[in-house]
Amino acid sequence: MKDNNIIELKGITKSYGKDTILDNLSLNIKKNEFLTLLGPSGCGKTTTLKIIAGFETADSGQVVFENNIINDIPPYERQLNTVFQKYALFPHMNVYENIAFGLKLKKMPKDVIDQKVKEMLKLVALEGYENRDIEALSGGQQQRVAIARALVNEPKVLLLDEPLGALDMKLRKGMQIELKRIQQKLGITFIFVTHDQEEALTMSDTIVVMNKGEIQQMGSPEDIYNEPANSFVAKFIGESNIVDGTMLDDFKVEFAGRIFNCVDKGFEKNEAIEVVIRPEDFEMVKYEEGMLKGTVTSVIFKGVHYEIEVKDENHTWILHNTKHAEIGSKIGLSLDPESIHIMKKESDV
């Protein structure tokens, strides 16, 4: 294992009956990074987290933690803690008692417990809430207590299984920022599970996109969004226009009946490929100036932009623009070479 990896999954396979949940999955997780396992329901992300935590056992493969194989180590002996969507707080205990619970089990001195609990309350911005009943707290406050209870034990890794799922949108966005702040302040590894693309893009150092028990792509939020590895990733991470094309040469691609300059290279000449264009990368221009031309068939106001649908003879293009367009009007679309992303064509993802 490389020195900067804290966890390494090697060829993890897991099945329930005839259903393969994880298919020979391998993954390296670095020290001090915020890594997100992202994918739709049933993709295997939560099972991966549970195998790391020790709540599930892999059928085959190894879980390596700091150079030691931990497949047979029970959860309570692993140097990591888990926060679930259902926070599992003790309703008969107040905030202080919930956070102190694990420390009391370890029979730590009272003054040490008091110091550590106060440090956690400050970290999660709940100073002054020590004596509050759990049921008197909001969902966001309860979640902070759950995070403090997990972190007070000083784990080397914190596992978070869709912990924001029960919160409303405003609270969720606030907690995204809070979680990232806490992770950066503590400098420990966070492994976060979600199906929410915005959450993953907002918080992560590294995103692992999963589907059908396999890793589709792993990289920074910028790489995942701007350079999707395949059509599944392109469709799952934000909205995309995806069309068939032909790579004529390095930096030269043909699609939608015309030739465009692009920034991709390394494909075979005349190789069949797929072209990805993000809706926000289209520029709306006069009809006669357009690289692509069509008729506006739909305009939906989304708050920060209009979602505009433009149809030509063979394609329907979706673009996001702050300018309004009239339904039935003919407009042109312009593209920079950097906005045209090329993917290898796959028959089935």
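Even glycines carry a Cβ here, placed using N, Cα and C.
All protein chains considered, the CB of Ser41 (ATP binding site) has 7 other CB atoms within 10 Å. The ATP binding site annotation in Swiss-Prot covers Gly39, Pro40, Ser41, Gly42, Cys43, Gly44, Lys45, Thr46 and is backed by sequence analysis.
The domain 'ABC transporter' feature in Swiss-Prot is assigned to 7-237; the stated evidence is sequence analysis.
Cβ-based neighbour count (10 Å, all protein chains) for Cys43 (ATP binding site) stands at 23. Taken as a whole, the domain 'ABC transporter' (7-237) shows an average pLDDT of 93 in this prediction. Annotation note: Lys45 (ATP binding site) sits in a helical segment as assigned by DSSP. Counting other Cβ atoms within 10 Å of each Cβ, the lowest count among the binding-site residues Gly39, Gly44 belongs to Gly44.
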